[in-house]
Amino acid sequence: MHFILDPEDPGAPQASTEGKPKHRRLRGGVVMATPPASPDRTRLLQICLLLGILGEIRAEQIRYSVFEEQEEGSVVGNIAKDLGLAPRELVERGVRIVSRGRTQLFALNPRSGSLVTSGRIDREELCDRSPNCVTILEILLEDTVKILRVEVEIIDVNDNPPSFGTEQREIKVAENENSGTRFPLPEAFDPDVGVNSLQGYQLNTNGYFSLDVQSGADGIKYPELVLERALDREEEAVHHLVLTAFDGGDPVRSGTARILIILVDTNDNAPVFTQPKYHVSVRENVPVGTRLLTIKATDPDEGTNGDVTYSFRKVRDKISQLFQLNSLSGDITILGDLDYEDSGFYDIDVEAHDGPGLRARSKVLVTVLDENDNAPEVTVTSLTSSVQETSSPGTVIALFNVHDSDSGGNGLVTCSIPDNLPFTLEKTYENYYRLLTHRTLDREEVSEYNITVTATDQGIPPLSTETYISLQVMDINDNPPTFPHASYSAYIPENNPRGASILSMTAQDPDSGDNALITYSLAEDTFQGAPLSSYVSINSNTGILYALRSFDYEQLRDLQLLVTASDSGDPPLSSNVSVSLFVLDQNDNVPEILYPTFPTDGSTGVELAPRSADSGYLVTKVVAVDRDSGQNAWLSYRLLKASEPGLFAVGLHTGEVRTARALLDRDALKQSLVVVVQDHGQPPLSATVTLTVAVADSIPDVLADLGSLKPSADPDDSGLTLYLVVAVAAVSCVFLAFVMVLLALKLRRWHKSRLLHAEGSRLAGVPASHFVGVDGVRAFLQTYSHEVSLTADSRKSHLIFPQPNYADTLISRESCEKSEPLLITQDLLETKGDLNLQASAGRYGLVWWLQVLLPFLLSLFPGALSDQIRYSIPEELAKNSVVGNLAKDLGLSVRDLPARKLRVSAEREYFTVNPESGDLLVGDRIDREQICGKQ
């Protein structure tokens, strides 16, 4: 254990090291304290400890050892005990591991105060074959701000057996091989170290071979097979040996490899080439696959000893990419494109070997002949892109070099330029040319020259290269920038995003260079007390005008700007242009209802209508305004809901609420009206107001009649209610019995159908009956769900995706209340007879009772009348995204989908079915707000 005494904290607890050597690191080195001995040594120890205190030791070190492959949570050492702390003090003093780097291998156990492993430790993975494997931790004591260095030595265990790179090695040995011949054997590898590493090899007992293990300078053991006595192929043609490698661990681990010794017949003649060297010449760019030549070698032996094969010797990547050698015929063909400029000569080493392996060597010398396949190259060394129009003749414009990679006449190059240009070419040194001005240039005549330099070689046919040099003629800054228009007008819709592009303006300057480099700016001004720069900005380089804020038409309708375009000449010139920015109105304000307004004292506003009022009597008027303009502010009124339809009407454009007919005595005293006010914007916005109309001749009558609207306590009313309840219950029981009989009949016929036996296994999860689906069920669905109804009259399966019905939603009410089913129809079982349900269902009374009672029955018997498949998906899914496997959920096989005619039917195909997989896919963009509003 290594530790340090901190002179600033003499009272700090010290690690317990009783009976163990102690190491104290001092500033001048390391002093080791040994167990008590002579007085001189004791005094020397005291002096060392004193020096350690004065040396301001800054770190404390503890060393532990742990075996690899320990389970998670294995104790490495007791940190709390070695620091002289109680386990609970570790948390109080903020003791934690602060080491960085790879994944932490250790953790602190706050209960026991021990350092434990945080996972499986593999020494070979951490340290490979290093003899010492030590990992270093840094532990922080936050209360004293001290760092404790902990070294944990990972001790190797024998967890890896020696292994060979191959399970079997074949060695061919001639039967006339001399005794004492050695054959190298495959080496084994053991990732463990020390005594657990590879220790030696063993060979199974045999009468011909023995094992000799050699040790290299690096300590690696190399096994060799030694031939002990003469072999006889006729006596035994194949010898099977087993080579075993073992380590020194406890228990000992080992690995084996099979050695297959194959005896071959004597081969006493090597192949001989017909020529010691082969010379061949070929033109570059010959087609790939062209045969270059054929090499030939003979072997007088018979059988496999005389079968000759050919191969490249010491093959280089370049050779293998350009040439291919047929191992049987000896044909050498062109594999890649030959290029004289890349290499004009190739020296290829080839060899021929017979079956047992005797070899002969030869060379193939390939000379590549040059073709005029390279055009001259022009390299511009120095170039002036611009020149003053007052420059004198002889001014150097460019210096360039010409080069042709071909040889001989193919590489001789001449240069020229057009004769009608005021320039000339002058050859300076070897292949270097200068381009000079021939006379004074005039920018008013030509402001830019495009000079074509043509370099042509003398090959047949000649090849040439054209190089284009662009030269600008510079002038003085004598032209200010000008805008193409005297003024600009721009339009931007309100509620625009910040940073939106408004207008692009471009000024022209006939000058060149910096004199034509234009920058744009806005003239400083204020609008509504704020600088114009807070409203808009302009890109100084492109002249694009951007909005810095979102404009509101109701607050800002137009803005006048002054844009300045300046060039970069010396002195700079500029010009101005006026810009008028108009804000366009958008439909972003909901109509605001001014009348009627509800009282603020918590009471309910009531409009009065006398009972004697005739048709067209003006009851009240709804007054609303819209802050938008144009058609966005055109308002229309309509009656959305009324407690007694047909009694009142609302003026489409006036908002006047009038009676649609004369009031009758049977009309209720309290009439509730919901009036919607809608503008004509795109999309239209609307607001609603609820009116309460009291039908009475005077206010006292209203108060008296309102007082009589309390629940009746008349016994006759209670009796009538009781009779109604009993009647409804009786009809419900009759209907329930009818449905049960219907289900029994359908179940019986279903069991008799042939198709049930053919596909019973796939329809096991589907209820064995057809059920009647009623639109009233949809009132219970408040989410976008998937409902499967099996109808008895149609013998078809419907997969319905109804939209939620919200009676209190004005926006998208029509779209959410109507049913838009996606009908997926499949032919169901053929039955011998059908119940004539349409006859009975056609009766108005039965249909009415179905609509009233079926939701109640569905709540009592969930799943009895309909099967429901429900999926949940987020809106805005990508097209063809998978919603669910419809075929699997319906109990159908994918191969039966075409025969069942599975399809999707809807007004808008939000979903489609993949006939190959049976998956329900997203077929169109789904916008939840568009379908169901804000619900």
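If you go along the chain as it appears here, the first residue is 1 and each next one adds 1.
Including glycine, each Cβ sits where the backbone N, Cα and C put it.
Now, the feature entries from TrEMBL:
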DOMAIN    61-164  domain 'Cadherin'
DOMAIN    165-273  domain 'Cadherin'
DOMAIN    274-378  domain 'Cadherin'
DOMAIN    379-483  domain 'Cadherin'
DOMAIN    484-598  domain 'Cadherin'
DOMAIN    610-713  domain 'Cadherin'
REGION    1-24  region 'Disordered'
TRANSMEM  720-745  transmembrane segment
TRANSMEM  846-865  transmembrane segment
The domain 'Cadherin' (484-598) [mean pLDDT, rounded to integer]: 89
DSSP residue counts for the domain 'Cadherin' (484-598), split into helix, strand and coil: 7 helix, 51 strand, 57 coil
Secondary structure composition of the domain 'Cadherin' (61-164) [DSSP: H/G/I, E/B, coil]: 15 helix, 42 strand, 47 coil
Secondary structure composition of the domain 'Cadherin' (610-713) [DSSP: H/G/I, E/B, coil]: 13 helix, 42 strand, 49 coil
